[in-house]
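Enquirer: According to Swiss-Prot, the protein carries these features:
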type	residues	note
TRANSMEM	2-22	transmembrane segment
TRANSMEM	55-75	transmembrane segment
TRANSMEM	82-102	transmembrane segment
TRANSMEM	120-140	transmembrane segment
TRANSMEM	158-178	transmembrane segment
TRANSMEM	198-218	transmembrane segment
TRANSMEM	237-257	transmembrane segment
TRANSMEM	264-284	transmembrane segment
TRANSMEM	289-309	transmembrane segment
TRANSMEM	345-365	transmembrane segment
Amino acid sequence: MIGLLIGGVLGLVLSAAGTPLFIRFLVKRGYGQFVRDDGPTTHKTKRGTPTMGGAVIIGSLVLAYLITHGLLAVLGVDFGGPTASGLILLLLTVGMAFVGFVDDFTKITKQRSLGLTPRGKIILQALIGTAFAVLALNFPDERGLTPASTAISFARDIPWLDLAFAGPAIGVILFVIWSNLITTATTNAVNLTDGLDGLATGATAMITGAYVLISLFQSSQSCALEGTRGCYEVRDPMDLALLAAILTGSLLGFLWWNTSPAKIFMGDTGSLGLGGALAGFAIFTRTEILVAVLAGLMVAITLSVIIQVGWFKVSGGKRVFLMAPLQHHFELKGWAEVTVVVRFWLLSLMCVTVGLAIFYGDWLIRQGGLAGVTP
């Protein structure tokens, strides 16, 4: 626990202290946000606000992770060094953040709403996602556990949904596809949620906070300890909890400057990097489907865009919402930006609570704690 506390505080301090320095750096170079003309009129005042703040969040994550492990080693705390799971998850996070950085930098330098072309962004994300998936199925520990498994998971692996049903080679190929689908879904979900001051930052912090609890619980109920009923076959759960704690702290530190009126935006650097991190946590903690519940707000926002675009094409130009994503619909209905953000945070908290309840309920059922219910 001391490791999680040190990591979380370090992430918070590095992010909170580093963000204003980064703001000055961006302002000095004129790196400001480009605002679309067809967006809500209240957003016109956001034009020129420094962006790419995700670089501070991700940078704080990496730096705090390395410093924490170093400090724990010096203090003689038996926490273990950086693990394969931790390093591979960081690779995915940093890789996706890099794609977002290129996209942000292109928008800023060319002063347009389109950065990378959709095809270019998809290709870069697929390359990083594929590298992540392949690495995640390697590096077995002393029990033979790799960071990821080929089984599709809900609150844990589902044995009868193993993608390696036709052999290891087919399993790897299908897992690469499945992993890329998850990564694409989470990165786009965070990206679409990042439209109002502090919305995506706060919502993501709630989800990563949930992954601190999930990973901690998996560590305490690991099959490596006693192999009791309902135990978890997860590699490096404590290191995953550390990363989740650091990222939560980094997000809260950034939120101090990102809350309304925002002094800086996370940009695609942040949204894609955070989406990559959420995908990594979901895959490594064997909660690939459950993450859709934890991130229920982001799922709803993403669906609002899909529904809007789909109905617009089918109906010949009609719209379901005043504007998509969903948060802008409520803005146009007259809700103040802060009102939308706080109410959406509450919805996100509800989703996270339901997700954690499902996760714990799954374990409880396997202990025989819910009579008449089978896992």
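Backbone N, Cα and C define each Cβ position, glycine as well.
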Enquirer: Let me spell it out: take the transmembrane segment (264-284), skip the flanking residues so only those 6+ beyond its ends count, and list any with a Cβ under 8 Å from a Cβ in it.
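Expert: Residues packing against the transmembrane segment (264-284) from afar: 19, 22-23, 26, 33, 46, 49-55, 57-58, 61, 85, 88-89, 92-97, 99-101, 103-104, 115, 125, 128, 132, 136, 147-148, 179, 182-183, 185-191, 193-194, 200-201, 204, 207-208, 211, 215, 234-236, 240, 243-244, 247, 251, 254, 257-258, 290-291, 295.
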Enquirer: Take the transmembrane segment (2-22) and find every residue of the same chain, 6 or more past its ends, with a Cβ under 8 Å from one of its Cβ atoms.
Expert: 50, 53, 55-57, 59-61, 63-65, 67-68, 71-72, 77, 79, 212, 216, 238, 241-243, 245-254, 256-257, 263-264
Enquirer: Which residues of the same chain, at least 6 past either end of the transmembrane segment (289-309), have a Cβ under 8 Å from a Cβ in it?
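Expert: Result: 152-155, 182, 185-186, 188-190, 192-193, 203, 207, 210, 278-279, 281-282, 319-321, 324-327, 329, 344, 347-348, 350-352, 354-356, 358-359.
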Enquirer: If we call contact 3 or more Cβ pairs under 8 Å (sequence gap 6 or more), are the transmembrane segment (82-102) and the transmembrane segment (198-218) touching?
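Expert: No; fewer than 3 Cβ pairs under 8 Å.
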Enquirer: Sequence-remote contacts (6 or more beyond its ends) of the transmembrane segment (120-140), Cβ cut-off under 8 Å?
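Expert: Contacts of the transmembrane segment (120-140) (Cβ under 8 Å, skipping residues fewer than 6 from its ends): 84, 88, 91-92, 95-96, 98-99, 102-103, 146-150, 172, 175-176, 179-180, 183-184, 187, 272, 276, 280, 283-284.
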